[in-house]
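Undergrad: Below: one structure in structure tokens.
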Amino acid sequence: MATLQESEVKVDGEQKLSKNELKRRLKAEKKLAEKEAKQKELSEKQLNQTASAPNHTADNGVGAEEETLDPNQYYKIRSQAVQQLKVTGEDPYPHKFHVDISLTQFIQEYSHLQPGDHLTDVTLKVAGRIHAKRASGGKLIFYDLRGEGVKLQVMANSRNYKSEEEFVHINNKLRRGDIIGVEGNPGKTKKGELSIIPQEITLLSPCLHMLPHLHFGLKDKETRYRQRYLDLILNDFVRQKFIVRSKIITYIRSFLDELGFLEIETPMMNIIPGGAVAKPFITYHNELDMNLYMRIAPELYHKMLVVGGIDRVYEIGRQFRNEGIDLTHNPEFTTCEFYMAYADYHDLMEITEKMLSGMVKSITGSYKITYHPDGPEGQAYEVDFTPPFRRISMVEELEKALGVKLPETSLFETEETRKILDDICVAKAVECPPPRTTARLLDKLVGEFLEVTCISPTFICDHPQIMSPLAKWHRSKEGLTERFELFVMKKEICNAYTELNDPVRQRQLFEEQAKAKAAGDDEAMFIDENFCTALEYGLPPTAGWGMGIDRLTMFLTDSNNIKEVLLFPAMKPEDKKETAATTETPESTEASPSV
């Protein structure tokens, strides 16, 4: 048992250490020195092997010793090996390799082969990335070749090469992560593994970095999002998510094209940021010597085109909002918006039900999907896209949820109503950052008491006019508009309304928005004189609709983070502390029909 009288040793004339502590430190230093010596010896061994042509067969290691190096050492050795190939006249980056058949097609075409089959009369060329390399004795090497989301085994046998030296030379220079081309015959091993049996393997592009093993995978989210290429190499489920995203966009295009809509493109930089209540990004145009705003929504341009006689238009593209980043928000995001002359919001509800229910059935095979809002380990929810979707009236349902009678909707623009809503938020502990306008207070209450009830698709309808400066007034309920938002799993994915086409009323609402902006609401709209002038030429009865592609993709891929469905999400620089993922973002109280 150690005692306080344990003898001490002075180190560098300063700190006093016990003999046990000194012994521990000396042992640790010795162990570190041995490790460094071993790595140095291994590095020199690999460099020597690189500098001279190998004259022995590959052993079971097949470069496995290199896997024990730290990443920097591995990169150095691999880079020098590739440079040596260039010196000896071997091009590690050839211009072209003709591929006869994809890996997927190869598997479909030859999976019927029997164990032990070898089609020597069929020669094909395939290509892919090496994910595993393993030797069986000195004359047989297996590779796992991956690409297109599938795996094909390469069974390299020395007897199929011109000489054993050629077999050794070709296979000794290949490592995990390399992209190779393989020319050979289809076959199956005795155990029934479909393989291509090569006559020749060509290095097409070496991987200079140590590739993580598939067994362990790439799980660190920071690395996955910043190095999406590596994420795609190692995680096939990521590839599948973006395939689903592509299918969603393809389905929407096909659906709208069949309804006679024309796909259009509108400016992404604007003098005035219109079409939604949101904070814009500002850029500068050198030639024009003026600030421009990245678009927050394309709505106003679309309605101008309807004025011009293009009755059905749609656009799938990026929007930019200078707001926070969280699990469901990214500063740039993708929407689909369409505008349909001679239609109202009732028509668009039917179109929305038909589009989304058909899409979900087409992509997943069922109207019902399972979603985990808190991640794979969290609670699972069943989301049912079977039409018709649930519909609720915003103000009526809010009164039921709050257990209070709100002022008449015709009085929602008064200070008295604002004060009542303010008091309710205080009493219900609902946070609303300033400015505490009627529209913002209503939006927070709806989020707290109505949106949380929307698991399966639910239309929240008939928003107050004060929340919807671009929507047409309700034909039978004063103070309300003909607008709906579609919520799924408590999140808005669609926004639509019968469009306001009275130029006088539109100008009045723009002026009210200008007052809100002057009062400190930096998300309020600007007055767009060009749009008001266009309305004066006559906008036919029109309905407009917008949907967030990113959020819909989250639901259909069971992803609870928007970064999972964006190939290259917004990230803070690595030298800054990453806090963006936890930032709370106020939901926009109105929108173009965009999310």
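Just so you know, the numbers here start at 1 and follow the chain as drawn.
Here the Cβ of each residue, glycine as well, is placed from N, Cα and C on the backbone.
Found this in Swiss-Prot, in case it helps:
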- Gly275, Glu299, Glu337, Tyr339, Asn495, Glu499: substrate binding site (BINDING)
- Arg321, Asn322, Glu323, His329, Asn330, Glu492, Ile493, Gly548, Ile549, Asp550, Arg551: ATP binding site (BINDING)
- 7-44: compositional bias 'Basic and acidic residues' (COMPBIAS)
- 48-58: compositional bias 'Polar residues' (COMPBIAS)
- 580-595: compositional bias 'Low complexity' (COMPBIAS)
- Ala2: N-acetylalanine (MOD_RES)
- Lys86: N6-acetyllysine (MOD_RES)
- Lys139: N6-acetyllysine (MOD_RES)
- Ser205: phosphoserine (MOD_RES)
- Ser393: phosphoserine (MOD_RES)
- Ser588: phosphoserine (MOD_RES)
- Thr589: phosphothreonine (MOD_RES)
- Ser592: phosphoserine (MOD_RES)
- Ser594: phosphoserine (MOD_RES)
- 1-66: region 'Disordered' (REGION)
- 573-595: region 'Disordered' (REGION)
Undergrad: Quick check: of the recorded positions listed here (Lys86, Arg321, Glu323, Ile549), which one has the Cα closest to that of Glu337 (substrate binding site)?
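TA: Out of the listed candidates, the nearest Cα belongs to Ile549.
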Undergrad: Within 10 Å of the Cβ of Lys86 (N6-acetyllysine), how many other Cβ atoms can be counted across all chains shown?
TA: 11
Undergrad: Asn495 (substrate binding site) to Lys86 (N6-acetyllysine): how many Å between their Cα atoms?
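TA: Spelling it out, the Cα of Asn495 (substrate binding site) and the Cα of Lys86 (N6-acetyllysine) are 58 Å apart.
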Undergrad: Among the binding-site residues Glu323, Glu499, which residue has the fewest other Cβ atoms within 10 Å of its own Cβ?
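TA: Selected from the binding-site residues Glu323, Glu499 on minimum Cβ neighbours within 10 Å: Glu323.
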Undergrad: Let's check the environment of Tyr339 (substrate binding site): how many other CB atoms sit within 10 Å of its CB?
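TA: A 10 Å sphere around the Cβ of Tyr339 (substrate binding site) contains 30 other Cβ atoms.
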Undergrad: Could you tell me the C-alpha distance between Lys86 (N6-acetyllysine) and Glu323 (ATP binding site) in angstrom, no decimals?
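TA: About 50 Å separate the Cα atoms of these two residues.
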